[in-house]
Ligand SMILES: NC(=O)c1ccc[n+]([C@@H]2O[C@H](COP(=O)([O-])OP(=O)(O)OC[C@H]3O[C@@H](n4cnc5c(N)ncnc54)[C@H](OP(=O)(O)O)[C@@H]3O)[C@@H](O)[C@H]2O)c1
């Protein structure tokens, strides 16, 4: 019998530990237990408790980036990958109006036969479209696309539509509060918001944003943004968390990630996912490959030491790389 306790700092709610033999845990501790195809091990994904009391699984499967498409015919590969993700144990599914994959997400959910309440579904209002001017209508369209009655988390995709107009941001947030009050979004949050955008919302909000989904990896740590979130009790989720391995290889982290991946017998990308989780940051990833999806769940069988987390952060600060929203930021802007 084997069990390894996770770093207590991020554990909250039902999943008080991660085991590779679920039989040693009471069933009610598990949001959705599963067998990895890797080694037929049973694991559970821990949750992070949001400020509103709802719980979000610490790893999410994204239907953007690799799956993003123009409106039109459904992408069967996206449906299949999402079904596979659910099958191997991902209960947290990240979508967006902008990705044009909400229908695929809904199809995969229905095909998975996993009860709706066992899943954590996110979508985002597209702020580059008129949708941002009528958020209740935008969410209704998204729910129709997915064939769902509610989402677990609804996000404003980015603050850039407001172009610095504080009242536009505050109005949009008031509409987010409306959809939460109507029960169509269990939690509400934002994405790609910087300190100034969050401060603007906090000035007038009745319900504070539960979470901010940002590009976050060692090569883009946004100065003290993480500490700021902590001080305001806003949680953080990381998209593009594996960037130093997938898009920015050749940087100062390569050697250290290799040595840690040998130590923990995982891939370097998994070390980066763990680096997020060990800082209470939810990791949003994706893959088209069942084996990789399964392998990535190994991050719940080990923890990095605080020194290793710090060393990755320090090495990461020696290099700057932004994978998304490059048209908004100057090349050297680390905010
Ligand atoms: N809010 C926003 O503005 C925003 C922006 C971007 C993304 N997101 C969300 O975040 C999700 C994840 O973002 P991401 O795709 O950038 O996450 P990521 O975890 O950094 O990268 C995952 C991608 O990298 C590939 N990959 C993984 N390990 C690899 C390796 N060892 N070598 C080479 N390729 C590897 C995977 O492809 P394979 O298929 O080959 O495994 C997959 O396409 C998106 O789907 C979306 O839901 C949100």
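Cβ coordinates come from backbone N, Cα and C, glycine included.
Note: TrEMBL annotation is automatic and uncurated.
What TrEMBL records for 59-315 is domain 'NADP-dependent oxidoreductase'. Taken from TrEMBL, the feature active site, proton donor covers 99. Positions annotated as site 'Lowers pKa of active site Tyr' by TrEMBL: 124. Here TrEMBL flags 157 as substrate binding site.
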Practice task
Going by DSSP, give the three-state secondary structure for the residue listed as 'active site, proton donor'.
Solution key: helix
Problem - Intrachain C-beta neighbours of residue 99 (active site, proton donor), sequence separation six or more, cut-off 8 angstroms - result: 63, 64, 67, 68, 69
Completion exercise
Here the 10 Å Cβ neighbour count for the residue listed as 'substrate binding site' comes out at 24
Exercise for the section: Enter the number of other CB atoms within 10 angstroms of the CB of residue 124 (site 'Lowers pKa of active site Tyr'). Expected result: 27
Problem - residue 124 (site 'Lowers pKa of active site Tyr') and residue 157 (substrate binding site), distance between Cα atoms, whole Å - result: 5
